[in-house]
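Trainee: The structure's right below; bear with me while I get my questions together.
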Amino acid sequence: MSHRLPLLAASLALTSLAAHAAAPSAAPATPAPKPAAVTPAAVAPAKPLNPFVVRADKENATYKTGEPVNFTIALAKDSPAPREAEITWSISKDGVPPIINGKGKLVDGKAVATASLNEPGFLLCRVSWNQDGKVHSSLGGAAVDPLLIKPSLPVPDDFDAFWDAQKKKLAAVPVKATMTPVPPPATIKKAETFDVKVDALGAPVSGYLARPLNAKPKSLPIVLMVHGAGVSSSSLAAAASWAENGMLAFNMNAHGIPNGKAPEYYTGLAQSELKDYRNVGRDSRETCYFLGMFLREVRALDFLCSQPEWDGKTVVVYGSSQGGFQGFAISAIDPRVTFLAAGVPAGCDHTGVIVNRVNGWPKIVPNLPDGKPDPKVLEASRYFDNVNFAAKTKAKGAYLTVGFIDTTCPPTGVYAAYNALPISKAIYDDIPSGHANSPQASAAMVEAVRKHVKENK
């Protein structure tokens, strides 16, 4: 028999604090597609001890505004916590106020926590247990009318003009490329691979190109793979794997740096000139670090679309986290992109802070000493925001994944960007996942790409 934690008053606090936002009419949640059993997928890294399983009581973890959400708390398999463990809990609006806190005791290894939210968004439940001075926590998430989450600000009036001007500057730089043959990974037998550099504004495009052996002219769709946050070489194996599956594949690193160096080289860059790159130049749209990153994607497509093997039809951009951020950007500013595949995308709704909503990585907008967001950075960030890129996308279709307990790129912002896409789209609700694609989510992303390639012939 479970013990219901005393959350009634706390639930009312969540409801009343959110009451300033009018609740629109409900819309059905997007169902998660059945995962495709096709492809290897990015597996989440090793996680710290999770003593509990925290789950919403609906299988799809999706509710209407004002509807009670019951989070069931149970001991995880092999959990060291006792069946009568003293726990603390908090339930928040996806990590921001209102936040309710309390403590209780498991009964026979179980408890239930209840809350509600009177605006479209997400609830995040954190349950913690203190083991000899070390606190272990587990998370559960629930969506509340997620398809009704709107961008926090409209698209700037001069959004298109700004990006057109930047692309004009890029176009003045000749598309000068070098292709150096490199051996493919030992497991790859049917692809040839190259280390590629292409001149751009500032740092060059840098990546690995792979194509099937003996590919015929106009036979291959393009897949442009873009990287998550960090400083690393492009991935030869990733490019070669896509090539063996019939793609003209290009895996580009995010910073225009050399490929194939020793790990110490990239560690050194991450600790020096590329340290905290996400905040470089953030107070102006003309100097923001992501400007160069996104323009390198345009130049990468200049190069790829000049290859004789390209079929002239299909261009897929594929990435997760910061890679999803780059994917949204290039699908908006370059009409050659036909499909966006973005896992747990970063860069969503930077300006959400002004309406008391969480924003995700890179959390580019700082607060001033008075606690208010820096207005200069806030304004600049609008030109690098997925909710605005989404509204301007030129792609035919998109497939996203979202983790309901993702505290790096929280689901509230991801859904704000997803909802702004005016195209054919689908989203995989990865309910128990944080900031990583589960194998099922990754497989579904790849299957969506394959479906688009087939249909776009």
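Glycine too: its Cβ is placed from the backbone N, Cα and C atoms.
So TrEMBL has the following annotated:
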SIGNAL    1-21  signal peptide
DOMAIN    151-427  domain 'Acetyl xylan esterase'
ACT_SITE  Ser321  active site, nucleophile
ACT_SITE  Asp406  active site, charge relay system
ACT_SITE  His435  active site, charge relay system
Trainee: Average the pLDDT scores across the domain 'Acetyl xylan esterase' (151-427) and report the rounded value.
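Mentor: That region's mean pLDDT is 98.
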Trainee: Which of these active-site residues has the least crowded Cβ, counting other Cβ atoms within 10 Å: Ser321, Asp406, His435?
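Mentor: Per-residue Cβ counts within 10 Å for the active-site residues Ser321, Asp406, His435 bottom out at His435.
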Trainee: Measuring Cα to Cα, how many angstrom lie between Asp406 (active site, charge relay system) and His435 (active site, charge relay system)?
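Mentor: Rounded to a whole number, the Cα-Cα distance is 5 Å.
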Trainee: To the nearest whole angstrom, state the Cα distance for the pair Ser321 (active site, nucleophile) and His435 (active site, charge relay system).
Mentor: 8
Trainee: On the three-state reduction of DSSP, what should I expect for Asp406 (active site, charge relay system)?
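Mentor: Assignment for Asp406 (active site, charge relay system) reads coil.
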